[in-house]
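Listed in Swiss-Prot for this protein:
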BINDING   13-19, 41-43, ARG306, 332-334, 415-417  GTP binding site
BINDING   ASP14, GLU15, GLY16, LYS17, ASN39, ALA40, GLY41, HIS42, THR130, ARG144, GLN225, THR240, ARG304  IMP binding site
BINDING   ASP14, GLY41  Mg(2+) binding site
ACT_SITE  ASP14  active site, proton acceptor
ACT_SITE  HIS42  active site, proton donor
BINDING   ALA300, THR301, THR302, GLY303, ARG304, SER305, ARG306  substrate binding site
Amino acid sequence: MGKNVVVLGTQWGDEGKGKVVDLLTERAKYVVRYQGGHNAGHTLVINGEKTVLHLIPSGILRENVISIIGNGVVLAPDALMKEMTELEARGVPVRERLLLSEACPLILPYHVALDNAREKARGAKAIGTTGRGIGPAYEDKVARRGLRVSDLFNKETFAIKLKEIVEYHNFQLVHYYKEAAVDYQKVLDDVLAIADILTAMVVDVSELLDNARKQGELIMFEGAQGTLLDIDHGTYPYVTSSNTTAGGVATGSGLGPRYVDYVLGIVKAYSTRVGAGPFPTELNDETGEFLRKQGNEYGATTGRSRRTGWLDIVAVRRAVQINSLSGFCMTKLDVLDGLKEVKLCVGYRMPDGREVDTTPLAAEGWEGIEPIYETMPGWSETTFGVKEHSKLPQAALNYIQRVEELTGVPIDIISTGPDRDETMILRDPFDA
């Protein structure tokens, strides 16, 4: 039997999943996206050349890998075509390597218009979405009115369904939000112009994955965002609109849940967050700015500067529980180089003085929380590009070991730079 490995984020996204997926796909036959949309921003650096993917799985640059967009992903046709065109201009034969589920919900211009209208209306209480229509598209899916890739096979029926839903959403846009209506004919023309390209890539993903598993193929599932942005388990309402956790693999791809063999949690050596929402270890000082600059913490999708802070072990332990993590990959260890001391958040002090070591479930429960820190010596030596575990500074090794002790999960991979080969694989997930 084959082995199925899940790669997902353990924090608020931006942990470095894309690089790790790209690295590990050297052995994989399939790479599957199972949730989210083009709100993801997965950055790959190969031989110094940077590639940012938003919708297409990170395995697309490997000629031996088939990339799959599963049913749990909301798919923006225009965004997919843009990404395909850019990759094809660089010589990547995307259409030979990419497959789609016919059950993918479509993100269309009225979703984007609604997303931005709602954020504008929220004012100071805005969630901080990427403004790309992700939430409204999932909303249509759950309400059973959304259009899917499968609808593109019958263009006449698609046109009728589209007209109904455009009228439905335009009423809200114009009369409630006082925004401009979406042009039905333009949306229809734009989608139909590329419909045949999309339908040509459609397969029965569940059937394909089950057959691949039986044939002993190695399959990797690529998560987007992070555990603490999960619609059910994250810092609600400051979350995304999909299940970013390991449970989303089965529902978002059609793989049977018993067939997940290893779950790799990507954990950044410190914490970051984009947009609004709780962030107990946030640093609004020189150290926070140091982390932002050294880590180049600016969103691959939005360009927004990320909030930065110390590694929150309490939050990461929640990710361990929810995802039943098999191991960690620690990324951006090199960003901590040069700090005299480093801190780990090992508990929270509540407003009433109680000390706890678990995360609240709703955003309101995080208000007034103070982090309880464990302080460790930093290191002056560089870890950037180090490829042997034994050559890391002792203080860095101590930091890694302490994270393992506090979480109960081994760190199987360590990333010391953005390039594919600036990585130490201590235990390969496909062999674990």
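Each Cβ is built from the backbone N, Cα and C atoms, and glycine gets one as well.
Features as recorded by Swiss-Prot, highlighted on the structure.
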residue	record	Cβ within 10 Å
GLY13	GTP binding site	28
LYS19	GTP binding site	25
ASN39	IMP binding site	29
GLY41	IMP binding site	20
THR43	GTP binding site	18
THR130	IMP binding site	22
GLY303	substrate binding site	8
ARG304	IMP binding site	13
ARG306	substrate binding site	20
THR416	GTP binding site	25
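Taking Cβ-Cβ distances under 8 Å and a sequence separation of 6 or more, the neighbours of LEU333 (GTP binding site) in its chain are ALA269, THR383, LEU392, ALA396, TYR399, ILE400, ILE414, SER415, THR416. For the pair THR43 (GTP binding site) and ASP14 (IMP binding site), the Cα-Cα distance reads 9 Å. SER305 (substrate binding site) and the residue listed as 'active site, proton donor' have their C-alpha atoms 16 Å apart, to the nearest angstrom.
Cβ neighbour counts within 10 Å, taken over all protein chains shown, single out GLN225 as the most crowded of the binding-site residues GLN225, SER305.
Taking the Cα atom of each, GLY16 (GTP binding site) and THR130 (IMP binding site) are about 18 angstrom apart. Counting every protein chain shown, 28 other Cβ atoms lie within 10 Å of the Cβ of ASP14 (IMP binding site). Look at LYS19 (GTP binding site): DSSP puts it in a helix.
Between the C-alpha atoms of ARG304 (IMP binding site) and the residue listed as 'active site, proton donor', the distance comes to 15 Å. Cα to Cα, LYS19 (GTP binding site) and GLY41 (IMP binding site) are separated by 11 Å.
On the backbone, the CA of GLY13 (GTP binding site) and the CA of GLY41 (IMP binding site) stand 9 Å apart.
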